[in-house]
Amino acid sequence: MKLSMPRFDQAPVLVVGDVMLDRYWHGATSRISPEAPVPVVRVEQHEDRPGGAANVALNIAALGAQALLVGVTGRDEAADSLANSLKAAGVDARFQRIDSQPTIVKLRVMSRHQQLLRVDFEEPFRTDAAALAVDVESLLAKVKVLVLSDYGKGALQNHQVLIQAARARNIPVLADPKGKDFAIYRGASLITPNLSEFETIVGRCADEAELVAKGQALMSELDLGALLVTRGEHGMTLLRDGQPALHLPARAREVFDVTGAGDTVISTLAAALAAGEELPSAVGLANLAAGIVVGKLGTAAISAPELRRAVQREQGSERGVLGLEQLLLAIEDARAHGEKIVFTNGCFDILHAGHVTYLEQARAQGDRLIVGVNDDASVTRLKGVGRPINSVDRRMAVLAGLGAVDWVVSFAEDTPERLLEQVRPDVLVKGGDYGVEQVVGAQIVKAYGGEVRVLGLVENSSTTAIVEKIRQR
């Protein structure tokens, strides 16, 4: 499946559901209590993170999308902590605060990255469903996707009012379902149960064929647009009306904590769909995101750079021949990791030992080496009729195979100046015996604070001489 990073900055999403505070107490454990056979934790650090629907909104904002959140809290310190964390993350949160009930808090006691105990502070909310629906309907005009993040805690009382209000505006509705009655999600565009939740409704599935059959029957019964079953180490299965099932393998390299993985899936789906991605691509991105988040400890969000790196790995674009858009994403990610970008360019028609030595020297000037390659038409203009000997695709493929080269990109102009303005390398390198000011593009690079370096050429190594020698034979 071909994946690319969506324009998340053009993706407004509204999340409605059960918000909660995930609270962590971290400490050291070195002895057993004399009062009971339990470890004693000396608490050294307190940490609060948004949980439930708030974590969904946080994930959406972390991807660079616009996140709006409607939920229910108490009027207490936990609600204030939630509000402050969400505001700092760029989430537009609108809470229905209830004086007589506490904000839901999940307290986890941690030691050496292990969870020793969880304590829940919660009561089912008695929500003013009509007032909440009014808040939601007033925000629908501002968003492209509605997410119902349902943990069965009482914030969502009348799902159908919200689903029908969104459908009337042609806004897709995504629901992360809970409980034993999925009929409350009737008419949703997509629901995302995990395997356990799915089998609670349809019964145990002996194999994938049975899962698909039961899933399709459930979709028909509830008038669902699509169904995504998340299956842990077995990946995900997407079902759509009239389309074959799409099975995606799990992408996690290491699993440390599955807390909040479902939130990550639905948030990435929602943001991608709001950005204009088709559903299969959005699911592919969500699968990658889930593989990242389970490698983190506790409730966590993933960032756009993290997802971008995963996409690049998936598409094989960590190295090799890239289009300009892919290259710019790769550069952005490299810079986020403090890497110095080096650029050089040429025709590289017949690769020889001089080229290899020069490119190794160029790579040594920084952390990542980009090679800009003249396309065929520009080589002909520069070198004359009969050149290039090798097409641009073949020239780039050979360069990409060198260990010194990270990324190869072509350009159509006679000089790389336009490409340099977009790439903005930290170091521009050319080989020759002329001064820095004579290097094409030097003024562009120096204008934004970059460096220009001239490296010596390997003697008796010239493509033109090699071509002429071959012709004389």
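The backbone N, Cα and C atoms fix where each Cβ goes, and this holds for glycine too.
Because the structure is a prediction, the values reported are computed rather than measured.
Annotated features in Swiss-Prot:
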REGION    1-317  region 'Ribokinase'
BINDING   N194, L195, S196, E197  ATP binding site
ACT_SITE  D263  active site
REGION    343-473  region 'Cytidylyltransferase'
Item to check | Residues close to ATP site centre defined by N194, L195, S196, E197, Cβ within 8 Å | outcome: P193, F198, E199, T200, V229, T230, R231
Checklist entry - What are the DSSP helix/strand/coil residue counts across the region 'Cytidylyltransferase' (343-473)? => result 54 helix, 26 strand, 51 coil
Checklist outcome for this item: Top of the binding-site residues N194, S196 by count of other CB atoms within 10 A is N194
Item to check | Cα-to-Cα gap, L195 (ATP binding site) vs D263 (active site), nearest whole Å | outcome: 15
Checklist outcome for this item: Rounding to whole Å, the Cα atoms of N194 (ATP binding site) and D263 (active site) are apart by 11
Item to check | Spatial separation of the residue listed as 'active site' from S196 (ATP binding site) - C-alpha basis, Å | outcome: 16
Next on the checklist: Whole-number answer please: how many Å between the C-alpha atoms of E197 (ATP binding site) and the residue listed as 'active site'?
Outcome noted: 15
Checklist entry - For the recorded positions listed here, E197, D263, which shows the highest count of neighbouring CB atoms within 10 A? => result D263
Checklist entry - So how many other Cβ atoms are close to L195 (ATP binding site), meaning within 10 Å of its Cβ? => result 17
Checklist entry - Which whole number is the mean pLDDT over the region 'Cytidylyltransferase' (343-473)? => result 88
